[in-house]
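Database features (Swiss-Prot):
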- 1-21: signal peptide (SIGNAL)
- 22-845: topological domain 'Extracellular' (TOPO_DOM)
- Asn186: N-linked glycosylation site (CARBOHYD)
- Asn207: N-linked glycosylation site (CARBOHYD)
- Asn219: N-linked glycosylation site (CARBOHYD)
- Asn259: N-linked glycosylation site (CARBOHYD)
- Asn325: N-linked glycosylation site (CARBOHYD)
- Asn354: N-linked glycosylation site (CARBOHYD)
- Asn588: N-linked glycosylation site (CARBOHYD)
- Asn652: N-linked glycosylation site (CARBOHYD)
- Asn687: N-linked glycosylation site (CARBOHYD)
- Asn710: N-linked glycosylation site (CARBOHYD)
- Asn775: N-linked glycosylation site (CARBOHYD)
- Asn816: N-linked glycosylation site (CARBOHYD)
- 846-866: transmembrane segment (TRANSMEM)
- 867-887: topological domain 'Cytoplasmic' (TOPO_DOM)
Amino acid sequence: MEKKLLIIVIVFLFSTIQVFCRIDDKTFVISNETYLSYHFPVDSEYFSSLNFEHYEGPSFQLDFECITFNGTICFSQIYPEIKKKIYGTSISYSTQKTYKLDQELFPTPIVSSPFQPPTKGGISILKGTFLTFSEKTFYQVIYPKKQKIFILDSESLSFDATNFKVNCPPGCGYQIIKWDNGNLFNFSYSNPSISVVKINPSNIIVNGSDFCDSSYSSNITIDGVIIPNSNYEKDEDSIVIIYTQQHTIKSLMKIETSNVTSVEIEIVFKPEPLLINSVPYSKGGLLILEGLRLSSNTTNKNNNNNNIIIKIGNITCSNAISISNDSITCNLNPGFNNKSVTLNNLPVSVTINNITNENKLLFNYGIVKLNPNKYSLPDRVLQLNGDCLGNSNGTIVYLNGKETLLNDLKINNQETTLSFKIPDEFKSKLNVSIKVNDILSNEIQIDISFYASHSNEQPSTNGNTNIIFTLYNIKSENYNKIPSIIIIPEQIVINGVSVNSPTNQDVHSYSFLIPAGCGKKDIQIIIGSQSCLSSITYFEPIIKNCLVSGFDGTNGNIICDGSFGNKDYLIKSSVLFSNDEIIPPSINSTTFSFPLISGYHSDDLIFQMCGVQSKPFKLNISPSLKGINQSQMETLGGKFYILGEFFSANINCSVFCNDKEYEKKFENSKTISFDLQIPGPNDITCNYTFDNGKNTGDFKIEYPLPLIENTSSINVNGGNLTIYGKNFYNVSNIKVEVDNQLKCNKIEFINLNSLTCFLPPFIETLFNDQKLLLNSSTTIFSKKLLLNVTFESKTWSGYIFQYSKEEIKNNDTSENSTNDILNHEKNNNNQKDGSSLSKKSIILLSILLPSFIILIVSLAIVILVIKRNKTKHSKNMSSKEKELMKQ
């Protein structure tokens, strides 16, 4: 019984010892990149080292220093060479027994460099400390879904636990890794980045990286508007967005995927002109550009047009007007106005709101072209549209390849429309081409076997109008068919009603009820299997009268009355006046008005509605004179300006100077200039007249005074003197004087900034109040002399001239007195220098002589002492010798 009790006690003690040899659960670890410590509670076992077993190679032991005070703290400095070794397949410690270190006591890994794997996944670098404290092959991602990040080469002898590769799975956005000790690490995949944005007519292609695959939803916004998920497709490297922008504009695009936001990027929707017509080199004309985004998003139409600049080569095309989002017009001046303008391959530049097109479109003068898609055939009169069609006398027309003489050929002044009656011999297909100035156009084919004509009545803008069309060459199989008209832009179909009993079945008239509309409409007429093209033009607006009302010198209005059509279409109307397109703020069917503003001038006023223009009304605005400016005159003349308001190019004004009339130049509606190339220096009075003599006056041209800035260097011997400055005049009467006494002769004008003359030698008697002493305060070399330069009525005076002190040569007897004086001054200077030298010698001698005497005395004393010592020595030697001899 006692033995059994003893065994139980021993087993209990042994088990108790085992428990108390384990590390207390309250132990905790503190670590950073250079430090690792374990904190053990009071009465707990502790360890002073950790042992790391590796897959390959020897194990590594990390030793700690331990301090016991209110528990025990064991710590170790973690040096760079140690960081690479503290990892292992097994980590153990020993007290009285060896134990495996619990994962809760692993230090939390420290990631020291940014860790943002690509969304495609793949190889990334992980850097830090304690990253693989317990040697492993992967990290566990727990959010947003469970995935593994694999550690590469962890079993290799060359494995660096502070810097190694990991293989990441595809992912997106924020992720969470759970470390071995239970702590969490947040990281995110790379943010999306945009490298290239390509804008197409119907989509935007965004190329970049890290957009995440299609399994992750994205929020894409353009100017804050969310793009629906159904309107884009994406992968990690690109996004294709279905998007159409009709205007030239800068927009902001933001891409957000899985709560990761890219940098907001500006995308620019640039104008893209694709087609341009041609105009004659000698005339210029209206250019029509067609393409994409040919308008701004400005709601004010006037501001929209003000922000449009079109350049053909280096020429600015004036009065640019955005007709629609796809079309712009402007007026191009004749090419011969600028001799540097070439005929061909001029680049077209369209700038809207400071945004310029990038695509390449070239313009060529004088390209003869027929438009195959725009023609009409009323009553066998073929009406063609095109470019550079020439004139009725010079254009050659080819029908079916043969030159055809046409007596009724009509071509408008702009060379854009051509019409003629088709000769009777042509019955079916007609091939048409023209030749202008030996340039042959393209050839177009027209079916003339079936055509139509209509009455002169215009469809109304206010209501339905019956218009009678007569159809010709109707085929027999179509006799009983009901004809129809299709208004092409709106695709409105109107059926015709017969208006007469046919006497000839192949020619028949029908009435068509045309609905209210606006502008010119292309139509297609169909009967059975036959069709042809034609057009109808709605009511043409009429201007009866226009006047300027209520102008007080600053404000006023232009008011017009007439017949302007249906009020419902007036929103599509505008006024062309003074090279501007104006939207009248006040308008109804009979009246419109708009403000009179600076920049307007007398001009033809045209009202247009839906592209149909009224006949021009000549509106006269009395010009207003506000002032003149002749301040920009220089030595050779300059500009004279008449300033005011409402000037036109044909305003009558003139300037007379010295009974000569000078030609005006119209600058703009506020400025007229005159180039008065009248050389100075003598001021003159001129006369101007303005607005047919309603205002006259005199003005004086005052030329600037000359300004002397510098002269060349010259000595008293005289010689060529160059004078530099500004505002010199090329006149015969030029005078140059020094100190009001010495006159310069042989004066020569060089340019507006310099002249030369010969200055005679200096004569002392002329300067009776001065002495020619180089170092005297009264010498002519020590101060600047008065220089006078006169160009007829203009004089400059100033103390700027000074003689040079350079060596003076005896060139003639007139210089002897000067040279004698100079030599006298030099002799005086030499005497002064000698006197100064004597004084210096005396001072030096008084210092050196006593020193020399002291040196001699000292030397004598030294010699005397030496002699005495020798005498004494010789005496001592003699006495010794005597004693030796005695011995």
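Using the three backbone atoms N, Cα and C, a Cβ is placed for every residue, glycine included.
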C-beta crowding around Asn325 (N-linked glycosylation site), within 10 angstroms: 17
Candidates Asn588, Asn652, Asn710 (glycosylation sites) - the one closest to Asn687 (N-linked glycosylation site) by CA: Asn652
Minimum Cα separation from Asn652 (N-linked glycosylation site), reported as the residue among glycosylation sites Asn186, Asn207, Asn219, Asn259, Asn588 that achieves it: Asn588
Assigned element (helix, strand, coil) containing Asn652 (N-linked glycosylation site), judged by DSSP: coil
Mean of pLDDT values spanning the topological domain 'Cytoplasmic' (867-887): 45
Cα-to-Cα gap, Asn219 (N-linked glycosylation site) vs Asn710 (N-linked glycosylation site), nearest whole Å: 73
All-chain count of other Cβ atoms within 10 Å of Asn687 (N-linked glycosylation site): 14
Rounded Cα-Cα span from Asn259 (N-linked glycosylation site) to Asn186 (N-linked glycosylation site), Å: 14
Top Cα neighbour of Asn588 (N-linked glycosylation site) in the set of glycosylation sites Asn207, Asn325, Asn710: Asn325
Integer Cα-Cα distance in angstrom, Asn207 (N-linked glycosylation site) to Asn710 (N-linked glycosylation site): 66
Same chain, 6+ residues apart, C-beta under 8 Å of the C-beta of Asn710 (N-linked glycosylation site), given in sequence order: Ile723, Tyr724, Gly725, Ile800
Where Asn207 (N-linked glycosylation site) falls in three-state DSSP terms: strand
Other CB atoms, at most 10 A from the CB of Asn259 (N-linked glycosylation site): 10
Integer Å distance between the CA atoms belonging to Asn325 (N-linked glycosylation site) and Asn354 (N-linked glycosylation site): 17
